[in-house]
């Protein structure tokens, strides 16, 4: 149980390090009969890929995915699907100076204490680069869920540092490097990022992610509640420090008269619950938000110690994003898809079929961030 | 994988319904040689128990725990420990009127859609009563962690509805029914609760929970990060809608220059991370917060539908807490203990021993809620 | 992973010791909607129960099972089913003399070395008494499989010590204490057992177990092959030292021209494979055999050591069976049922439905032992 | 749970098909700090490799293994180790004629019924080629167990068809293509195989496999007994139809006075148990035997049906071994190593350390087959 496998029935086992020969994953449990090729997966990887704007790391990786197994004549066979992504831009010289010191905010200290050694090249296993195979596996899950139930996933940035990004429309998300659902704010966000980069500093971000067209009845009571598994999936993304379902921390000050979503013949009248009641999906949209901490690698010097325990100072000179949250949206969508995929299979194992909503479920309020 | 088992190596399998003959759990994987009797477990159950103040449900249950297996002559043998709690106050007549309708905010609708049937007596399996065996299992984990590493768990309410409860000192927590770490606020909280009860309404709460004396190196990279598993554990508690680690959603507006905790010979200078870096414990205190929604069962009527899809109105007449968050503190502590226990065993499986912090870890700021 | 849970999707977690207050199990993952009461389970427990003839242990236990959860108004709800069997005849004084010595052939030495301590009362956790909850869980699986697919389970003893028991007909099995499918051999078997008991000795046995009406397609390629899981399930029964599928060890001397079962429009022409090809069920009868070692507790003295390592001699004076294999048939049937149940759920998780054989599958040869 | 992962703590996830681009596995849970390179793994793969004598398939594959992750500067880091073996000799034309028919004794029929489709190239996923990554993972486990405890693994063929191969000495095993522990029998075995090949027929084999230097206390009571997991591991090898531990089916006719292994200050006086009591290792040698069925692909025609259910005849013209058992010895050793490795980690998770035998354990009888 060393934690490199996600899911119980749609099991994704991730391997690789930032600067090793390759990264990838093995998906065991994909249903047979799904049409699948690299062309179904590559576009999602491209959404997550570095080097696509001046606001994200300039590491130049094509992140080209290859399917090594589990597909015959363009169709999944029910056997494990291995996805392989070769690391082509390794430039490990950038990281040579950090071998002996612990960068504040990074996993250097904890890996070294846990294992007694660590792979320092680009953060090794703790690099956000390892989210690429998750996005790849997520693309497989998304395709199956879309074809079976019409489930779709989408997300947007709702706050960057102290700038809130009001929701205007999903159509804007693909038109800017921030995954912002707002066309008018982009200039302000770009100036903010440029100033941060100049100052050698970084900020956090808030991301909202949703699933629509969700079957009713997914999730297991008690421990493997759908929302508990979503929290596990999203908190496990690098740099995430908070997860909310539905109204999230807003529920603390809500009243019961206001919170409980009423039902009518037309479905639910509101979606404070975020699509989950008692750990089981209601058929409404699943809504979750995450908080992402500021990038830990910054140009400004910070105090630290070396492996011998002596004081030192850490500065980062390599290429880094002033906000790791910028590329988090497709990752969060992928993780949400993996959770729903796994629970769809778990549900049909025990209950034999998957339930679509009987009544139309009323649309929820527009997202407010 | 129907989700009634928590943990990989310290596995707790929970069973029972609110109004069945008994509830309980089976703990598989407890190390042998731990002195254990009911007297080690009962006090934690008593902290969670209903009926202890006028602000919580008046259901009168002794919640007396019995150990059915796994202990011989007062010592754990390494074989499964079954904890049994008989249900003595079942009064299922209170719930008869809800058999055919779906209470807004409750799991009635989703259970019925998932399984095609449901046990309506007191919420059946979805009742918060099922947290009692978790608290029991948590007491076993707490005892082992305390004896091995000196790890301790504590928690407090930091907000009730819209009333923030400033932290004054841990010594206050056991002196009031709210688990508030503040002596001067109690009168205000009591008045607030009394007004809510009179109004037939309810509110949410915010709870902070911590572990101290935590070994370094617990947590698995990638998916089973320590913070991901904490999020899973805490979001799985009934009514929880948000989880934060360390600064939580506060990190969104933080700068990198401010967030990353610096290290010195004396340990970490701050604890924005909440005791986890790269998914692995740093040896600092683990700090997490949760948001609990307002009680869904309220006296005020809400619109709903019945099983045939016809409109109806739901009112609750039975005994209910105006804030389910009041009893959540010992539950959250127990879940945090189960996570650390499991990861302590996982760590020593792979790495062979458990590391205590080498340098003294500087105390963190007092909790601000 | 302390090994007290059987199955991945129909998960049975077993607890208890031979002379503790109770034994039992929690079944998680049972499909909802199955009519179930104690009356469905008790008859299988009665088949396994001690004290039913002079050839088995005289321990007098009613083994009365109680359902503590997971059933509402006589129907399974999809939540965990806890089965509890109280220990009523504990007579632990019988076992007092073995606390300090290691009985040859028993688990005394290995438990003590593994855990550093052990519960000596009646073998504690290593007692064959712990097969009772397995038989109980098996009864639930059998009922569901029968109702869904018409699957049935049966078994018989095919050899007792050096006496082969030729197969005559299944109708004989319930008519004698040996589960022998042969009416004419009973006298010889009884004399043989009486002589053994007089001599203070014991013998082994060979048991054959079958499933009929098996869906096609159960079993997972590579590791969780259906036959691999059957081997795991049957070898895990106390005292089993060998497992065969189909022709078993007979295949060593077979030729390829003879072994591979030919197919025609009418199904398979033979069943050398025992109903499994490539780890997946063919729709033919599943056929397996097990070898059970002679009872280790015998009146004849054997050399051993005590906990200090000093030589000693062990004799057993308590009640014991001269052949533990006599009661093994219902246990082996139950374990086979648990394997098929689990794989039926696993199959429908991935493939969405369960396949019944399309062509009639030709009957296999009568069992030869 | 689609069954492509072996083990609970030393988890090996296998992927690939016989004629896809590559096969391999991901090992999660390997302890950090083990010196490891391809040179530690390749020799074991070479022992299993086809094309090494005229008695095994002439498929010409170098089976060159590459380590893609989990090793830094020649040492394992504690993160997943991906082993990749490219398929270089795919010649899928050989198998074109079997796309539409079900070869008797093969997995063709069951895969097609389970998944609704299948990869026919070389047996796809059901090919014995997929044992190569198991042997690779086994080499990693063997190295760690050897360095930690001095555990070693060895095996030999003890019967080929109806020719018993008396044990003479382990030194002979590496000197002949049969893994026979007997120098004088080789000529007879070669003639026997040549005659079979000429006749277009095949035979089964019996293999014995052992572990020496085994720690005491490995194995979990109840379900995950060490012998149950060995049975699962060995029965899961392609073509295996029977598994024995210690005296195996020989125990049926044994008496209790004879079977139970006596203990003295010098250890156990015999090893009928095969090194396992109550599911837990005794510190003696682990001894197991397996029965392997005759190769199903033979030149002689056999009756079958096609996918439309029409009668047909199947003949095999490609390269095939007249006895698949010939290459099974290193595979069985590897699977036994994976079981012990996993249980060594499981043991130290719960019990904190691993016990070596305190007293010298008397050597067992020489293997008799």
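A Cβ is built for glycine as well, from the same backbone N, Cα and C atoms used for every other residue.
Record features (TrEMBL):
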type	residues	note
BINDING	D:48, D:54	NADP(+) binding site
BINDING	D:125, D:126, D:127, D:238, D:239, D:278, D:293, D:294, D:295, D:296, D:297, D:319	FMN binding site
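Feature map: annotations from TrEMBL on the structure.
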residue	record	Cβ within 10 Å
D:48	NADP(+) binding site	24
D:54	NADP(+) binding site	11
D:125	FMN binding site	30
D:127	FMN binding site	21
D:239	FMN binding site	22
D:293	FMN binding site	31
D:295	FMN binding site	27
D:297	FMN binding site	24
Round to a whole number and give the Cα-to-Cα distance in Å for the pair residue D:239 (FMN binding site) and residue D:48 (NADP(+) binding site). 15
Give me the CA-CA distance between residue D:295 (FMN binding site) and residue D:54 (NADP(+) binding site), in Å, as a whole number. 16
Binding-site residues among D:48, D:125, D:293, D:295 whose Cβ lies under 8 Å from any chain A Cβ: D:125
Indicate whether residue D:125 (FMN binding site) is helix, strand or coil by DSSP. helix
Between the Cα atoms of residue D:293 (FMN binding site) and residue D:48 (NADP(+) binding site), find the distance and write it as a whole number of Å. 18
Between residue D:127 (FMN binding site) and residue D:54 (NADP(+) binding site), what is the CA-CA distance rounded to a whole number of Å? 20
When C-beta separations to chain C are restricted to under 8 angstroms, which of the binding-site residues D:48, D:54, D:127 qualify? none
Which state, by DSSP, holds residue D:293 (FMN binding site): helix, strand or coil? coil
Integer Å value for the Cα distance linking residue D:297 (FMN binding site) with residue D:54 (NADP(+) binding site) is 17
Three-class DSSP assignment, residue D:239 (FMN binding site), comes back as coil
Between residue D:125 (FMN binding site) and residue D:54 (NADP(+) binding site), what is the CA-CA distance rounded to a whole number of Å? 25
